[in-house]
Amino acid sequence: MRAIKQIVHFGWEQALSCLFPAVIFASLAITQIIPLPFLPRYDWLLIICVLMQLWMVRSGLETRDELKVITLFHLIGLALELFKVHMGSWSYPEEGYSKIFGVPLYSGFMYASVASYLCQAWRRLKVELVKWPSFFAVVPLAAAIYLNFFTHHFSIDIRWWLSGLVIIVFWQTWVTYEVNGARYRMPLALSFILIGFFIWIAENIATFFGAWKYPNQIDTWSLVHLGKVSSWLLLVIVSFLIVASLKQVKEQSPTKAEMDESFS
């Protein structure tokens, strides 16, 4: 009975952490079924995302520090979108006033929503990292993974080499989390795989509702190739590494009270 209670509590905390992504998916579905007046669909999606972000901060569901991380992800995601659309990896075929070089600005919020989930789940589940690697190993690895999304169009795709490096670097790393007062743990690599798989499922839902289209989905929707899991897995790793590194820096930085005490 306790196991069921723990699973339900864990699911509830995860659902609360997924609030921003859930609103985006609901907006994609509603605007696909019910056309909204006055503005193109992409522009309404941008307005909804901005209002949702403001509400999340004003309501206290997200802190200002988390907003900084989420904004960073928005910019990182938007840069990736601009490049990938230019290279023909996917497209946004609908009209919109808020499109830049074929990319609607709301697309950055889809990446930001992943950061929102990570930040909130981290706080709600009181996540801690055990045997976290050196900053000097984590940052170059995250940078290499992100850059490979660009460079593989012009040279060798090294995603599988990078995946192997991730396993080596984080072989001894565990993530611990709290559910209803009890602490649990799992290998960090397993958490990467699980999050990447669920984002692939979310990607299928998003493309079904016309968030964007891959070349094989222009005429009719089809399941996103399972190989995309590897791409999302690596993107999740980049996201997690950035959030974790910023959390580590935040925890190691002295608070104002500590600084005042040290000078007293």
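For all residues, glycine too, the Cβ spot is worked out from N, Cα and C.
Note that the structure is a prediction, hence the values are computed from the model and not measured.
What Swiss-Prot says about this protein:
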TRANSMEM  19-39  transmembrane segment
TRANSMEM  42-62  transmembrane segment
TRANSMEM  69-89  transmembrane segment
TRANSMEM  100-120  transmembrane segment
TRANSMEM  136-156  transmembrane segment
TRANSMEM  160-180  transmembrane segment
TRANSMEM  192-212  transmembrane segment
TRANSMEM  223-243  transmembrane segment
What stretch in 19-39, 42-62, 69-89, 100-120, 192-212 has the biggest tally of Cβ pairs under 8 Å against the transmembrane segment (136-156)? 69-89
If you count every Cβ pair below 8 Å, which range out of 19-39, 42-62, 69-89, 160-180, 192-212 shares the most with the transmembrane segment (100-120)? 69-89
List, by number or range, the same-chain residues at least 6 past the transmembrane segment (19-39) whose CB is under 8 A from its CB atoms? 45, 47-49, 52-53, 56, 61, 97, 109-110, 112-114, 116-117, 120, 202, 205-206, 209-211
